[in-house]
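Novice: Questions regarding the structure given below will be posed in turn.
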Amino acid sequence: MLNKIDKWLIAAVLILVFIGLIMIYSLGTTRTENLKYFWRQLIWLGVGVLAFSILSLIDFRAFSTHPLFLLGSYLGVILLLVLVLVFGKTISGNRAWFSIGSFTLQPVEFAKVVLVLYLAKYFSEKNIEIWRIRHVFISAAIVGLVVFLVFLQPDWGSALVLLGIWFFMLFASGARTKQILGLAVLALFFFALSWQFFLTDQQQQRILSVAGIAKDPLGVSYSQNQALIAIGSGGFWGKGLGQGTQTQLGFLPAPRTDFIFASIGEELGFIGVSAVLVSFGIIFWRLFILASTGINNFVKLFSLGYLSWLFVEIVINVGMNLGITPVIGIPLPFVSYGGSHLLALFMGLGIINSIQIYSK
């Protein structure tokens with residue numbers, strides 16, 4: 001069984017996790033603070049590896065041939081997203097977490113795994129007639145209910161990731177160009193509607209700041225300005241672990257989560273940033289090969305769905321750190337601090353590994 005595992009893929013993931021762990025440990029003002037976040041992430045990593053191992057041992061066909069399992073998983077996610085709106089803990093203005101002792105659980109992360117599975121199943125069955133507009137609307141309804149509940153938290157970043165996953169999977173399944181263009185026009189319409197009625201002044205200013213229309217160095221632009229300073233000051237080799245001025249002196253907000261890419265740039269320099277980007281490139285390469293050589297449409301679409309999940313999050317997170325996308329709270333996959341996100345990623349990776357094992 002071990003000889004069927006994609007060693008390139010797993011090695012790239014482990015490199016990212018390792019970089020994330022050493023950065024999480026280094027990004028604190030005291031040793032006690034460092035250890036607190038480090039051990040929490042390590043515990044979540046252990047849970048993630050356990051989930052990865054269990055899902056790797058289950059034949060992936062169990063997910064694609066049991067519609068009741070997929071329906072139950074989808075309804076379970078819907079229930080969790082409803083419950084978190086009532087009983088959830090509010091962090092940074094979003095009621096998106098369940099509080100369990102000293103840990104928190106974010107249901108939307110597991111919604112990403114479930115939606116990739118559900119859409120892969122749906123699109124693989126309808127691929128011959130995916131050009132029919134009703135399948136676009138049905139898949140939009142499947143995703144739309146989840147997105148609506150996430151909007152209510154309100155977590156605009158996760159909602160955007162979910163929509164990105166759906167868009168890429170719809171395109172990969174064979175939707176017509178005019179349908180894709182129609183969706184793009186519809187997206188612009190909803191963006192204009194959101195701008196008028198739903199986006200807060202701060203959210204609008206963040207978008208205008210990225211577009212270069214409005215600049216507020218001490219306000220909405222502050223985080224991204226500090227991120228750019230951190231990345232630029234790291235040079236080729238970086239300042240060394242625990243030696244970054246922006247990260248260690250508190251100038252850079254959320255250095256373990258939203259802006260961990262900038263933290264890497266400052267403390268590990270161009271070398272560290274390159275290691276992260278090359279590792280992501282290897283993951284994309286291996287997932288694309290798996291999708292290209294998949295034994296059936298479900299395998300191809302799940303692989304592309306998982307790839308699109310990673311791609312959307314990476315583009316948004318790195319863009320946030322470089323000042324080219326608004327700050328909307330999206331973590332860097334396998335690197336940022338966050339247990340629910342890490343666990344969900346390893347669950348998806350476990351299914352990918354199952355495909356590798358049982359397809360050969």
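Counting begins at 1 with the first residue displayed.
Glycine is treated like the rest: Cβ placed from N, Cα and C.
The structure displayed is predicted, hence computed values, not measured ones.
Pulled these features from TrEMBL for this protein:
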| type | residues | note |
| --- | --- | --- |
| TRANSMEM | 7-25 | transmembrane segment |
| TRANSMEM | 37-57 | transmembrane segment |
| TRANSMEM | 69-91 | transmembrane segment |
| TRANSMEM | 131-150 | transmembrane segment |
| TRANSMEM | 156-173 | transmembrane segment |
| TRANSMEM | 180-198 | transmembrane segment |
| TRANSMEM | 268-289 | transmembrane segment |
| TRANSMEM | 301-322 | transmembrane segment |
| TRANSMEM | 334-355 | transmembrane segment |
Novice: I need to check the long-range neighbours of the transmembrane segment (69-91): which residues 6 or more away from its ends have a CB within less than 8 Å of a CB in the stretch?
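Specialist: Contacts of the transmembrane segment (69-91) (Cβ under 8 Å, skipping residues fewer than 6 from its ends): 62-63, 97-99, 104, 107-108, 110-111, 114-115, 117-118, 121, 142, 145-146, 149-150, 152-153.
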Novice: Which stretch from 7-25, 37-57, 131-150, 268-289, 301-322 shares the most C-beta pairs under 8 Å with the transmembrane segment (334-355)?
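Specialist: Ranked by Cβ pairs under 8 Å, first place goes to 37-57.
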Novice: Counting a contact as 3 or more Cβ pairs under 8 Å, with residues at least 6 apart in sequence, do the transmembrane segment (301-322) and the transmembrane segment (156-173) touch?
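Specialist: Contact confirmed: at least 3 Cβ pairs fall under 8 Å.
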Novice: What stretch, picked from 7-25, 37-57, 156-173, has the most CB pairs under 8 A with the transmembrane segment (268-289)?
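Specialist: By Cβ pairs under 8 Å, 7-25 leads among 7-25, 37-57, 156-173.
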Novice: Sequence-remote contacts (6 or more beyond its ends) of the transmembrane segment (7-25), Cβ cut-off under 8 Å?
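Specialist: Residues packing against the transmembrane segment (7-25) from afar: 34-35, 37-38, 41-42, 45, 241, 256, 260, 263-264, 267-268, 272, 275-276, 279-280, 282-283, 285-287, 332-337, 342, 349, 352-353.
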